[in-house]
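Participant: As listed in TrEMBL for this protein:
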- B:6-26: transmembrane segment (TRANSMEM)
- B:89-295: domain 'Cytochrome c assembly protein' (DOMAIN)
- B:96-119: transmembrane segment (TRANSMEM)
- B:131-155: transmembrane segment (TRANSMEM)
- B:207-229: transmembrane segment (TRANSMEM)
- B:249-266: transmembrane segment (TRANSMEM)
- B:312-331: transmembrane segment (TRANSMEM)
- B:315-640: domain 'Cytochrome c-type biogenesis protein CcmF C-terminal' (DOMAIN)
- B:352-374: transmembrane segment (TRANSMEM)
- B:394-413: transmembrane segment (TRANSMEM)
- B:425-442: transmembrane segment (TRANSMEM)
- B:448-466: transmembrane segment (TRANSMEM)
- B:492-512: transmembrane segment (TRANSMEM)
- B:618-638: transmembrane segment (TRANSMEM)
- B:645-671: region 'Disordered' (REGION)
Amino acid sequence: MMRRALLLALLALGLLAGPLHAVQPDEMLPDAAQEARARQLSKELRCMVCQNQSIDDSDAPLAKDLRLLVRERIKAGDSDGQVMDFLVSRYGEFVLLRPTLHGANIVLWLAPFLVLVVGGAGLWLAYRRRGSRPAPTAPLSSEEEEKLRRVLSENSGDVTKL
Amino acid sequence: MNPEIGHFALVLALAVAILQTVIPIWGARVGDAALMRVGPALAVAFLGFVGLAFAVLTAAYVQSDFSVLNVVENSHSLKPMLFKVTGVWGNHEGSMLLWVLVLALFGAMVALFGTNLPATLKANVLGVQGSVGVAFLLFILLTSNPFIRVIPALAEGQDLNPVLQDIGLAIHPPLLYLGYVGFSITFAFAVAALIDGRIDAAWARWVRPWALAAWAFLTVGIAMGSYWAYYELGWGGWWFWDPVENASLMPWFAGTALIHSAVVMEKRDALKVWTLLLAILAFSLSLLGTFLVRSGVLTSVHAFATDPSRGVFILGILVFFIGGSLALYALRAPMLRQGGLFAPISREGALVLNNLLLTAAAAAVLVGTLYPLALESWNGAKITVGPPYFNLTVGALMLPVVFAMPFGPLLAWKRGDLAGAAQRLMSALAVGILIALAAAYLQGGGPLLAPLGMGLAAFIVIGALVDLAERGAVGRVPVATSVARLRGLPRASYGAALAHAGVGVCLFGIIAETSWNAERITGLKIGQSFEVGGYELTLARVEPRNGPNYRDLTGIFIIRRGGTEIGTIESSKRLFTARNMPTTEAGIRTFGFSQLYVSLGDELPGGGIGVRAYWKPFVTLIWLGAVIMALGGALSLSDRRLRIGAPKPAKPKPAKPTPERKPDAAPAPAE
């Protein structure tokens, strides 16, 4: 475990140090439309020995191999989906920069919006509860008003401002 | 200077920090004014000792004292002086020392400038600050001591990681830490209030300057880190959703929410419990960020510490402070009295919406960063959460935030008039639509994102101006009156408008760069040319150059536009001899707000050299926008109401009639 972590760190540092120029001119497909597809797919695929780089950005030998593989499949007539499926069957979901939408990953995708919905619902409930208090029309007691005025009087004496 | 002096100073600092934790809080508990008064002196002494330790380490670097392990590992006698100094924090041990130095700096500032704070609050704040200091000093002394000697001393050091040998290292980490660690003050205030069991609008007024300062530093710190990565890493990206970037973005979201909810608390005595939670969260996320970066748990381009004992130690600190503060919060928060009520459509309501969305954005970043770790430890599955996830979730959450932004300041407190606000924003909306149409015309088809995004950006910038114009009642009263009103506006109003405009500027840059950037990858021999973004680049020559501790291979390109030569651009590959590590030094030329970016690749088998070139339209607006945001924060900070320790104004100004803003009045008549 420790050794793997160390190895990963060394790899990360080593890769970072490399001259970063990723896609080489000699890799590119002659057909511009196919090349554009290859570039688009490359941006969605992870260079697995790098930290947080797509194969489009990385200059690691593995990234180059994957780029060539993607282009080979495209030339062979695969659709974008077929290329991706092929890479996942070979390297697992780790290769996808965009997590899939099934299994436990649903939690991942929904979590931010759950925070939003739960937070919003909580706020609404709190608002409703407060709204149904006996005297909802008296937002501040005179004592509170006075206190607020005192606190804010350091400003300009104008409570209504800002 | 003798490194042992530094080591000794750290131990003394630890002793002082322990006293600072215990004595003032104890004094506040038993109501002993004398004990409470000890706090400020201890906080200043704490800064003194940590400062001494930092100075000793800096001296060791400056003098290339290769009897100190940390200097051996991260310095070289031939390194330029600037990088000898910045190398002090370009490594794990030194950067933790910088962390504590910034902590001590903030503590001493509270001690010296917080003269108007109630004695018990000040004592508790300093005590909590001290406890953070104890934890991190223990961490440094037990696991990350920068003063360890090597015997016998070595003749030469191993040099600093070449990627870090850049002016960016002088700017980015100190600013980032001023932001990160600055939130320790708001955290200390929150915990102090919870210990005290008392919190009111005045508390928010004392906290706001600290939150604003930390937020402004964090904003610039993140922006500078982004620009540094942009030009140094050489592949033209400015945001990578790297875990380390995420670590700084989470407290930024929480901090942004905090500076807004603190306004509600100060003005309306509402959202108190929530503001406290945000103050705790902002610093908790900073601590989490420190843990993620320093423990190496997520190995990324920034992680240089991979010793698990350190990770466990920071995890302990994390659990203690986050768990402790949240437990205290759960215990005490229900006892705090809720303040003023407000309708959903009101200034408060708008700020609540802002808080909700920003918090959800912070959650998106948090979940996305930690999910792969959690999944792997749960069922061993390895997956990647990459930029597509973050762009989609954070983008979806930020869109409503930025769209609602111009409306917020135009709504009245307590009960606002959305239709009225929308009406007042008509001019901004018109400009936004015009810009969107112009962008669509210029683009000539293609994705709708660009025109819509640019229209939104223009809407935000003009909306910020509309806010100021409304406050000055421009066009409704004689010009002289408007001028007088505008002059009389508090600086905080200008600060808010400026910061909001900065968001629009930043958004414009992001949209323009992502949708209109042009890229060319090609192989070039000397004399050959290529075209990118309407500029023609010719490789004039390739020449080797030598620097103090590196060798360069520089390509010089001539830039032509429409056939006329308009300058040159130089791009290099650099080999640092001590570590035998190459880096790319991208060549960048700025035209207006746009940039031409050229990075050199390898020599190609058939002769010639690989070149990757970009045209990045309006890219500098991304960072300029962030700087404008931070300037807005600074302007607010200079408002006398918020100035730390500012005396009360001699006499309260007579209340000016501001009919369209009176909170109790009926919705403002739309004109």
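Backbone N, Cα and C define each Cβ position, glycine as well.
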Participant: Quick check: do the transmembrane segment (B:249-266) and the transmembrane segment (B:352-374) share at least 3 Cβ pairs under 8 Å, counting only pairs 6+ apart in sequence?
Facilitator: yes
Participant: Average the per-residue pLDDT over the domain 'Cytochrome c-type biogenesis protein CcmF C-terminal' (B:315-640) and send me the rounded value.
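Facilitator: In the predicted model, the domain 'Cytochrome c-type biogenesis protein CcmF C-terminal' (B:315-640) has a mean pLDDT of 89.
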Participant: Can we call the transmembrane segment (B:312-331) and the transmembrane segment (B:96-119) in contact, meaning three or more C-beta pairs below 8 angstroms at a sequence separation of 6+?
Facilitator: no
Participant: Top stretch among B:394-413, B:425-442, B:492-512 for CB pairs under 8 A with the transmembrane segment (B:352-374)?
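Facilitator: Comparing B:394-413, B:425-442, B:492-512: B:394-413 has the most Cβ pairs near the transmembrane segment (B:352-374).
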Participant: Checking distant contacts: for the transmembrane segment (B:6-26), what same-chain residues at least six beyond its ends satisfy Cβ-Cβ under 8 A?
Facilitator: 32, 35-36, 38-39, 42-43, 45-46, 49-50, 52-57, 60, 100, 104, 107, 122-124, 126-131, 133-134, 137-138, 140-141, 145-147, 195
Participant: Is the number of Cβ-Cβ pairs under 8 Å between the transmembrane segment (B:394-413) and the transmembrane segment (B:96-119) three or more, considering only pairs separated by 6 or more positions?
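Facilitator: Answer no, regions not in contact.
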